[in-house]
Amino acid sequence: MAAPKVAIVMGSQSDWPTMQLAANVLDQLEVAYEARIVSAHRTPDRLHAFGKGAAGEGFEVIIAGAGGAAHLPGMVAALTHLPVLGVPVKSRALSGQDSLLSIVQMPAGVPVGTLAIGEAGATNAGLMAASILALTDEGLRQRLIDWRAAQTDAVAEKPVD
Ligand code: RP5
């Protein structure tokens, strides 16, 4: 596979079961990615180096997931011009409401494209990263169209017992 254009970063190992769903959809669409743990609070120097270096590393889209006081997506967005997709991970204490509000309310001028809380958000972040890259990648565009068509075909007209 080609050098990864998508970075998936997360605040903790505990975020991986959620963020893996973004990775899964990228696997299905044959989009190369690299996943890293980058904690805004526990590894601030790593966060700074990642944000400043992401474009130079060849990444074109960043998916950033975090929970609780979820400052990672916003801080990454502050450090790069690349599109940042934020995934609010479902937190133990507040079911991800805290994560969502921490990520979504960015000040004008520093955008984070914020997805839904938890698994749907992670899956959709993967799909959205693919759709951004598909703007300039014809093969990926077709794979994405096929993926969506297969999803439509998989929906039965009637429920089964
Ligand atoms: C955040 O704190 C992480 O993104 C994670 O969602 C949450 C809890 O982290 P752990 O205590 O499980 O490492 O920084």
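Note that Cβ sites are derived from N, Cα and C of the backbone, with glycine treated the same way.
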Seminar exercise, completed: Cross-ref TrEMBL: substrate site SER12, ASP15; candidate in list ARG36, ARG42 matching that site is ARG42
Problem set entry | Candidates near ligand 1 among the binding-site residues SER12, ASP15, ARG42, judged by a Cβ under 6 angstroms | SER12, ASP15
Exercise. Around ARG42 (substrate binding site), which residues of its chain at least 6 apart sit with Cβ under 8 Å of its Cβ?
Worked result: GLY11, SER12
For this session: Check the domain 'PurE' (4-155) for me and report the mean pLDDT.
Result: 98
Problem set entry | Beyond the site residues SER12, ASP15, ARG42: chain residues whose C-beta lies within 8 Å of the centroid, for substrate | MET10, GLY11, GLN13, SER14, ILE37, SER39, ALA66, GLY67
For this session: Could you tell me which three-state DSSP class ASP15 (substrate binding site) falls into?
Result: helix
